[in-house]
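Asker: Here it is: the structure, laid out below.
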Number of protein chains: 4
Amino acid sequence: MAGNTFGTLFKLTTFGESHGEAIGGIIDGCPAGLKIDYNAITAEMQRRKPGQSAIVTQRKEPDTVAFYSGIFEGTTTGTPIGFIIKNTNQKSKDYTHIKDTYRPSHADYTYDKKYGIRDYRGGGRSSARETACRVVAGAIAKQLIKEINITAYVSSVGTLELDKHYSELNFSEIENNLVRTADTSMAKQMEAYIKEIRKEGNTVGGTITCVIQNMPTGLGEPVFDKLHAQLGKAMLSINAVKGFEYGSGFAGTKMKGSEHNDLFNENGSTKTNLSGGVQGGISNGEDIYCNIAFKPVATIMQKQQTITKDGELTTMQGKGRHDPCVVPRAVPIVEAMAALVIADFWLLNKLSKL
Amino acid sequence: MAGNTFGTLFKLTTFGESHGEAIGGIIDGCPAGLKIDYNAITAEMQRRKPGQSAIVTQRKEPDTVAFYSGIFEGTTTGTPIGFIIKNTNQKSKDYTHIKDTYRPSHADYTYDKKYGIRDYRGGGRSSARETACRVVAGAIAKQLIKEINITAYVSSVGTLELDKHYSELNFSEIENNLVRTADTSMAKQMEAYIKEIRKEGNTVGGTITCVIQNMPTGLGEPVFDKLHAQLGKAMLSINAVKGFEYGSGFAGTKMKGSEHNDLFNENGSTKTNLSGGVQGGISNGEDIYCNIAFKPVATIMQKQQTITKDGELTTMQGKGRHDPCVVPRAVPIVEAMAALVIADFWLLNKLSKL
Amino acid sequence: MAGNTFGTLFKLTTFGESHGEAIGGIIDGCPAGLKIDYNAITAEMQRRKPGQSAIVTQRKEPDTVAFYSGIFEGTTTGTPIGFIIKNTNQKSKDYTHIKDTYRPSHADYTYDKKYGIRDYRGGGRSSARETACRVVAGAIAKQLIKEINITAYVSSVGTLELDKHYSELNFSEIENNLVRTADTSMAKQMEAYIKEIRKEGNTVGGTITCVIQNMPTGLGEPVFDKLHAQLGKAMLSINAVKGFEYGSGFAGTKMKGSEHNDLFNENGSTKTNLSGGVQGGISNGEDIYCNIAFKPVATIMQKQQTITKDGELTTMQGKGRHDPCVVPRAVPIVEAMAALVIADFWLLNKLSKL
Amino acid sequence: MAGNTFGTLFKLTTFGESHGEAIGGIIDGCPAGLKIDYNAITAEMQRRKPGQSAIVTQRKEPDTVAFYSGIFEGTTTGTPIGFIIKNTNQKSKDYTHIKDTYRPSHADYTYDKKYGIRDYRGGGRSSARETACRVVAGAIAKQLIKEINITAYVSSVGTLELDKHYSELNFSEIENNLVRTADTSMAKQMEAYIKEIRKEGNTVGGTITCVIQNMPTGLGEPVFDKLHAQLGKAMLSINAVKGFEYGSGFAGTKMKGSEHNDLFNENGSTKTNLSGGVQGGISNGEDIYCNIAFKPVATIMQKQQTITKDGELTTMQGKGRHDPCVVPRAVPIVEAMAALVIADFWLLNKLSKL
């Protein structure tokens, strides 16, 4: 209800502010008997964590996760998995400049309006720090649905766009470049551009493409909880996301039915998959693919006009260490959210028929 | 769980297949004391219903809604509002051609895979007939949040696009043309194009823009249930939708932070509203605006290759009366879903602080 | 949220007032592929319906249920099952005497306080008429879990108590007497007593025992959603219920651990089953048994002091046709609620382990 | 779904096994602006904790709660409240004797059947250790609804029963005796009896009465989520509970309507309150009172027959430090669960009418 739970059967509930003592969560509904690969969880955390490369924020957080329950001798027991990640970077610094001033395009103003009180030390609950918990849960979800492959990569940074279809790309290149795109030459251009943007004290947006392969048929619930509707919600719930499209997406609106319809092959697969692997909200076994739009990070190292809590005009300038472009670090978050959605529907689908 | 309920406090649960005896729903959580304007409900139903104009399907459904509970002497009582809409158009015709053959880009195949059984008389549960119930509930939701204005209009049909910002348009024109766009001259072009498409036995996609004005601050729940995430899910759950973007959307990914940030005015409003009325998942009082992408309708009057249930290749051609372009009739559905989302958050927000 | 939905996977949502045009409900989450036995549903409805015998209310309601969706050619399709029961007995009579006067121990006063408005024609939503929908859904739930046997019977009427353990009773006698108790000679005493009570214009309470046999192990979710906790909630949600106990119940509080513990047999069954088939909230395969306490019906044919809406003292006397003792007709309702609880846990348990 | 969440608006989700590193929980939905009284939370924890007196288990757990989020400068912020309680008493001892043997009337057998795996070091998730988290959340709920008074006390131990109506008792005596009963002379008898039982290596059951005073009208949702149904579920979810009754309870089944009906006074209060403060599932402003039945603790210091995992007969005898009677320590747990139920309905009721 209050918005801190995701999923219905494989359920993640999270807590924590960016500058509190710890963040954490509870995964409820993971079936018993799943052998947990801790290294795989750590690897996902490493991909998301700050300070990992020259083009992301230089803030340092070790992001070590402690599991407190639900796993016994390395195997899930069916009871809730509670976990904690300590915040090690919340130094007691001077927050006076943001205590009473609203940062443009941040959530300071809206939290104050909604709750009448706000943890003003950084972004509080609205900080992307919260997504670390999603990555933990997503890493476990991936292990639950291990036969399904979820791959995300950066498909654009500003106006630099990968113009190839995902099937033409080599996914093994993604982790070989700092940007996490699937094309080495584009990676270099993007990397250079992000460094330039940082030098300006500016930020830039981008897009991530997510591909889900080796999908079983039947996942997703018709009407309100269509597979792509829940996937869209999952992606739109990530900080800075402004849009979601799957299959033919916005480009599909310009097509005719005769061009857009996916004709069947004899085995039930389709010739074109403009549908993006989902028909009527239910997976048809083809690849699911979608694009997610990220706006430029709001914190810039340039002076901007804003107002104080009392409505007086003032100026402020970002301080500290921030990402010049959010998409490289958002890649594992996108994958985590996809894994949570698919794991949930995968469980639910076991109950579809007698 | 099984996907037929939308909302958490203002909750709609629906049932019904396109060719069953009736469809209907239950609205649970509408506060007591709301005077119901039945004419307003009927008006919304008229906007959605088949057979209303020359550019939509010529199928006839009177779409009369019968309310069975929850309203006493014209006022809601706080108890669930049960309603029924009879299906009058389900003539006993010959369905043999679709019983064992999967229509391309329809949900026939996926329903069979998921459930092992399917009501093959038309689209069954996956038919857009189901959206009539959404319009009923949305019409009541609109009355609950009557100070908030929700307006949707067609912003493109195929490649014909309205290239104006919503603030430059005259919303009073929307209902004065068959396409439901907000520009008279573009309306004529679109109308002509849709007629041409129909003559071809083809269909075409399009987009709808939805604008929510006079918004209070504080609506939306942070983290997973962000206002725009729930709005996106709502829109993506409508038949044929392939994408959703709000505020700057996909175009925002190409911008820099210095261009994209919404600077504050003294009264807390912002100069640009590229954020689209939402910061950190919570409304900031500015207009919310979003675009929704609709693919071309899958049923076309041209012969297409497909397969039978047994995996044998065959051909089929659409029969009967179908929409050549779905967006004109989807406008009230988009508004209804927006109303359901906003009503839900409007109620929930009453509990945000002491 | 607003209280009209029961269950999490096998979910029933109901609507309807006693004197509206119809009541009804939606069952969401019933798996596809269940052959529906309509006669079994009708039979359950007959057991609950008014006017069935000399010791229940003489009000006549045919209680015919119309299914509108979710069942195709006699088999469930996995889509929501919508159903309607028309109210045929809501004659336009004069309700002036109860419009502005609160009936003692009814819900008139609390509905007015909570909602500020009330359908004063009979009990409205608080009427036991609503339980007809539970019986419909329960009848389908029973078919889903058909290997499990759910049997309820009247175990006391006023001070007349069946003093035998359920295992000493012959369940086949239950439907052979009007009271629905499991002992012919006690049935006669109870029947005579109820007739006497009616002649006085009075009412009397009683208890129902419910036994669930042939239970699989593993049903129920630990901690908050323990099998017996959800069963207790289900029973306490039935009109007029004041208490619930299972296994040793209140008598068990007087025992010592050495007497109460259920020692194991070699096959995992237990010697005593004072636990009532549930350990730690999870079924252990032994019979589940519980007692449910019903207060006397509040409507009596005697003059009682009460107040008007304006707080003025007045008197009122029940009119019309009411049950002198509710337990005979509550037997199928108890079974229905038990079936809903067990069906829900039965589905959920399929997801407990890999 | 998986049973570790309680409540719909004021929601508690918990995790943790008795012998893991920590237990904890997340409270989601507490409105912003509540000043937290930490001493009051500590005081409730003290009442529940082991080792507090001569008649409870001598196990020592400091039960210190660490709050990680959702409270800023002593006031709730509207974001989720995450908390942790370290398990300090989980010494690495030898569990071989219970690893492969099922303790009678414990959850060992059912957990193994349901999950196929079990944390055999103590009760794991089924241990009453888990209730410490309920007490934390209940203590905050109490502060949210501070005008409402919730008082529980021991009303029987074995056959020693307090035979007075709650209104004749002096609640200020409850915390002045080790048993937590509301009568000094009975307290002494009960205390002596519990000591005797312990000496036998045995255990005994008992009952707790809970009284909720200064109730507003309108709390509770009709039909399935009746106030007393949810209260019953809450109580039945506490370890060792076998029964729940409210108002006249099981005794009410023996009464006639003319005796049982609560006649109104002019101000809307009632003369008798056999209804127990609830009509039709909604509070009427009168005191709510209920009785909760606790079975004797299953762990006894006597040799009992049981079976191994492989179904072989064996004997076992409880070891270590256990409660001879659970009710003294269950008093704060009962209050906590009542507070969670009432806080939830208190929030929900704010949305009942416009």
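Each residue, glycine too, has its Cβ placed from N, Cα and C.
Fair warning: this is a prediction, and the values are worked out from it, not measured in the lab.
Annotated NADP(+) binding site per TrEMBL: B:Arg48, in sequence order. Taken from TrEMBL, the feature FMN binding site applies to B:Arg125, B:Ser126, B:Ser127, B:Asn239, B:Ala240, B:Gly280, B:Lys295, B:Pro296, B:Val297, B:Ala298, B:Thr299, B:Arg321.
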Asker: Identify, among the binding-site residues B:Ala240, B:Val297, the residue whose Cβ has the fewest other Cβ atoms within 10 Å in this structure.
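Answerer: Result for the binding-site residues B:Ala240, B:Val297: minimum number of other Cβ atoms within 10 Å at B:Ala240.
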Asker: Starting from each candidate's C-beta and looking 10 angstroms out, tell me which of the binding-site residues B:Ser127, B:Thr299 has the most other C-beta atoms.
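Answerer: By the 10 Å Cβ neighbour count, B:Thr299 comes out on top.
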Asker: In Å, rounded, how far does the Cα of the residue listed as 'NADP(+) binding site' sit from the Cα of B:Ser127 (FMN binding site)?
Answerer: 14
Asker: Under 8 Å, Cβ to Cβ, against chain A: pull out the ones among the binding-site residues B:Arg125, B:Ser127, B:Lys295, B:Val297 that qualify, in sequence order.
Answerer: B:Arg125, B:Lys295, B:Val297
Asker: Would you mind checking how many other C-beta atoms are within 10 angstroms of the C-beta on the residue listed as 'NADP(+) binding site'?
Answerer: 25
Asker: Is B:Arg48 (NADP(+) binding site) helix, strand or coil when read with DSSP?
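Answerer: Going by the DSSP assignment, B:Arg48 (NADP(+) binding site) falls within a helical segment, counted as helix.
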Asker: Just checking a number: largest C-alpha distance across B:Arg125, B:Ser126, B:Ser127, B:Asn239, B:Ala240, B:Gly280, B:Lys295, B:Pro296, B:Val297, B:Ala298, B:Thr299, B:Arg321 for the FMN site, rounded to a whole Å.
Answerer: 44
Asker: Would you count the other C-beta atoms found within 10 angstroms of the C-beta of B:Lys295 (FMN binding site) for me?
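Answerer: Step by step: centre on the Cβ of B:Lys295 (FMN binding site), count other Cβ atoms within 10 Å, giving 29.
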Asker: Is there any among the binding-site residues B:Ala240, B:Lys295, B:Thr299 whose Cβ is under 8 Å from chain C, and which ones, in sequence order?
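Answerer: Listed binding-site residues passing the 8 Å Cβ cut to C: none.
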Asker: When you measure from the Cβ of B:Arg125 (FMN binding site), how many other Cβ atoms are you left with inside 10 Å?
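Answerer: Summing over all protein chains shown, B:Arg125 (FMN binding site) has 30 other Cβ atoms within 10 Å.
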